[in-house]
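Each remark here refers to the structure printed beneath this line.
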Ligand SMILES: *[C@@H]1O[C@H](CO)[C@@H](O)[C@H](O)[C@H]1NC(C)=O
């Protein structure tokens, strides 16, 4: 008799842990119904009542039994993928019913290649959302204009989709945003001028879009920004003079834009900057002669600009220059001698006006 009672108690505990709230269950089933996953059967477990126990990719808060995470990655090491010997593929769209999961904190629907449709506008009502990761799909339409309502968001990752429209002005209100990745979409318009308000941001990756306008000077105030990638857009104007004073900036990619003016000396003298790509712009003037013993460039690419004058002598004092490309400019004079140059090939210097010295012809 006692044993039976214990068993019953155990049974109810497990039953309670497994079942999610009926409204969450209904929302999950609508979400599933709008998607088609023909190869792996990742939704096979999404049946019955125990959506908090064993539905693939779903997690709940054990106390409230509300769904907190949906994490569905099309490229993963999960046995489901190894067994099928392929990566994921899904079509369909993200049902707005997902917005009824009012305790959702993590939404990852990544690398399914074929999911189309728009980001449901109602997603911005999910005030607990911390991670929104929809990379590697075919999602179109715009980023919801009130994305700034998601004030707990730390990660917004929409890379490799077909998203158009502009970067919503409200984005700067996401005070805790740390990682913004919008690469490889069709986003146009200007970067909001007060973008620098995102003071927790450490990576701002906006390359391969259709952005125009200039680099907002407010970015120079972003004291946690380590990686700024604006390459392959239509960005014009000058590089903000103070950009090189940013304390933790280590990668700056501004290549393939329409940036003009001169290279700010702070960029060259910043010892923390390891990757600087300014290739394929309209930069003029001379390369600032401010390299110093703590300059450590894994890659320094200034090719395809209109730079003139000599290669600064101070470059020989740099601690390390891994990959240097100064080709396709109007540089002239003798190539400095020193350890940063020993390993470089002629291609680093070709198509200039009158450079000479090793590895080019002797002067
Ligand atoms: C710099 O950008 C150019 C043009 O976008 C690209 O071709 C080149 O490979 C980049 N350089 C480095 C070192 O990554």
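Cβ atoms here come from the backbone N, Cα and C positions, even for glycine.
Under the heading signal peptide, TrEMBL lists 1-19. Annotation comment: TrEMBL describes 22-61 as domain 'Leucine-rich repeat-containing N-terminal plant-type'. Annotated domain 'Disease resistance R13L4/SHOC-2-like LRR' per TrEMBL: 96-228, in sequence order.
Across the range of the domain 'Disease resistance R13L4/SHOC-2-like LRR' (96-228), the DSSP-based residue counts are 26 helix, 32 strand, 75 coil. For the domain 'Leucine-rich repeat-containing N-terminal plant-type' (22-61), the number of residues in each DSSP class (helix H, G, I; strand E, B; coil) is 12 helix, 5 strand, 23 coil.
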